[in-house]
Amino acid sequence: MTTPVRDALADGVPPLTGDVLAIRGGRPLRGRVDVKGAKNLATKAMVASLLGETVSTLRDVPAISDVAVVRSLLEVHGVRVSDGDEPGALVFDPSDVESAHFEEIDAHAGASRIPILFCGPLLHRLGQAFIPDLGGCRIGDRPIDFHLDALRKFGAIVEKLPSGIRLSTGGARLHGANIHLPYPSVGATEQVLLTAVRAEGTTELRNAAIEPEIMDLIAVLQKMGAIISYEPNRVIVIEGVEKLRGYDHRSIFDRNEAASWASAALATDGEIFVGGAKQQEMLTFLNVFRKAGGWFDIQEDGILFRRDGELKPVVVETDVHPGFMTDWQQPLVVALTQANGRSVVHETVYENRLGFTDALVKMGADIVVHPRGLQDGPRRVPRRDLEQAAVITGPTPLHAADIVVPDLRGGYSHVIAALTAEGESRVSGVDILSRGYEKFLTKLDAVGADFDVIR
Ligand SMILES: CC(=O)N[C@H]1[C@@H](OP(=O)(O)OP(=O)(O)OC[C@H]2O[C@@H](n3ccc(=O)[nH]c3=O)[C@H](O)[C@@H]2O)O[C@H](CO)[C@@H](O)[C@@H]1O
Ligand SMILES: C=C(OP(=O)(O)O)C(=O)O
């Protein structure tokens with residue numbers, strides 16, 4: 001059954017499991033979309049509320065499924081979650097955490113990556129934690145060894161179960177630690193922050209990730225009473241305190257969503273104003289966007305994106321902040337299929353994040369993936385063992401195809417490819433997009449995309 005778009009969009013209905021988008025492409029996307037709080041901050045700030053003795057308020061929380069998963073996990077642990085005093089605000093009351101029963105936790109297995117960040121807060125509050133198997137995008141192995149090594153250094157006892165992990169403090173308070181991460185992992189840095197703030201003594205974290213979302217989490221924790229200093233060369237020092245209070249915080253905007261819509265404007269030769277996007281957190285993206293033939297205008301309340309003539313090839317290396325973020329590359333690759341010449345995207349963060357290009361090739365793109373990366377040429381980022389490279393030769397007209405969404409950003413890029421292609425494509429598995437794109441169908445409609453939802 002084909003549901004008329006307007007009906008399907010009432011209240012920004014997210015795509016449901018089994019929904020297929022019938023997309024008629026070949027026309028520019030034009031209009032305005034607004035981005036709210038970042039998926040990669042909001043979910044972590046929600047976990048931080050567990051550390052406080054009093055109520056926390058988080059503002060600009062995006063209505064995405066990862067937020068729903070974390071909300072449900074907090075509720076399982078006894079946190080009362082309610083609407084705040086403005087749209088998009090959520091209030092977290094952790095006063096009943098100690099008396100909660102969390103037998104239903106297994107039901108949350110495989111839903112998101114955030115459960116691993118419950119370890120420190122739960123160990124501080126309850127002396128024990130059970131963490132179900134993690135979900136998130138399947139873009140490589142995604143081990144959690146840095147997390148578990150760090151937790152052991154704080155004094156936690158870690159037991160791996162056939163599914164999930166059990167942790168305990170063995171009755172003692174967790175203590176500060178000296179931790180050097182083998183790689184500046186975002187999640188492991190957050191793990192250390194969320195654990196060290198209430199550990200006894202000082203923690204020194206070296207080779208920390210310094211993404212803007214991590215800085216925003218540090219701001220949240222400081223509001224709660226934590227003492228955290230950020231020093232040169234990726235060093236973060238945390239002086240543990242006994243108690244923390246709740247916070248009132250407005251989330252940093254979602255720069256990954258903003259970059260996705262910017263690439264959509266580039267790929268379809270359209271013009272999209274992204275309300276809520278800010279320049280500082282997107283400097284690296286904006287440089288690449290401009291080099292690829294994009295034009296942007298930074299305004300008070302957002303950024304306007306469009307093409308500036310012919311698209312040009314670029315060489316991009318994904319990296320940790322302040323490098324070009326890995327979550328930005330997939331939508332950009334779609335635009336690069338329309339650039340005049342040969343682009344190279346080196347994926348250095350994950351070992352399997354170019355699988356989405358298979359569908360683009362099916363649609364007519366000329367993309368060759370080198371699973372072990374390219375050896376030649378001077379590189380800004382040192383090669384990692386897990387590097388892959390995609391060589392994209394354009395411009396190639398894209399044609400319609402039936403495609404299945406593999407993951408969050410790969411899925412977004414498939415939708416954009418279908419909107420760039422001539423003819424009607426069928427894109428299935430689009431419910432994954434609800435993990436990170438709020439009101440996705442409503443926004444597609446707002447920029448003039450021609451599609452139907454088949455439910
Ligand atoms: C919810 C969230 O915030 N997700 C973001 C977070 O993911 P996430 O926090 O999972 O990403 P990490 O920065 O931890 O991962 C980076 C690399 O480190 C490796 N690694 C990580 C932990 C570990 O214990 N062992 C290990 O080997 C990973 O396999 C990967 O190759 O940062 C990524 C990198 O900016 C983004 O793509 C994700 O959107
Ligand atoms: C990889 C991503 O998310 P997660 O870490 O939640 O899977 C992403 O947002 O692109």
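Even glycines carry a Cβ here, placed using N, Cα and C.
TrEMBL does not curate its annotations; it predicts them automatically.
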Same-site residue for UDP-N-acetyl-alpha-D-glucosamine (record: TrEMBL; known: Arg113, Val349; options: Asp85, Asp93, Asp327, Asp376): Asp327
Cβ under 6 Å from ligand 1: qualifying recorded positions of Asn40, Cys137, Asp327: Asn40, Asp327
Sorted by sequence, non-Arg113, Asp327, Val349 residues with Cβ within 8 Å of centre, UDP-N-acetyl-alpha-D-glucosamine: Gly136, Cys137, Ile139, Val186, Thr326, Tyr350
Residues Arg113, Asp327, Val349 binding UDP-N-acetyl-alpha-D-glucosamine per the record - widest CA separation, whole Å: 16
Lys39 (phosphoenolpyruvate binding site) to Arg113 (UDP-N-acetyl-alpha-D-glucosamine binding site) - Cα separation in whole Å: 12
Lys39, Arg113 as binding-site residues, winner by CB count within 10 A: Lys39
Length of the line joining the Cα atoms of Asp327 (UDP-N-acetyl-alpha-D-glucosamine binding site) and Asn40 (phosphoenolpyruvate binding site), in Å: 11
Chain-internal residues near Asn40 (phosphoenolpyruvate binding site), provided their CB is under 8 angstroms and they sit 6+ positions away: Val186, Glu211, Glu213, Asp254, Asn256
Largest tally of Cβ atoms lying within 10 Å of a Cβ, found at which of the recorded positions Cys137, Val349: Val349
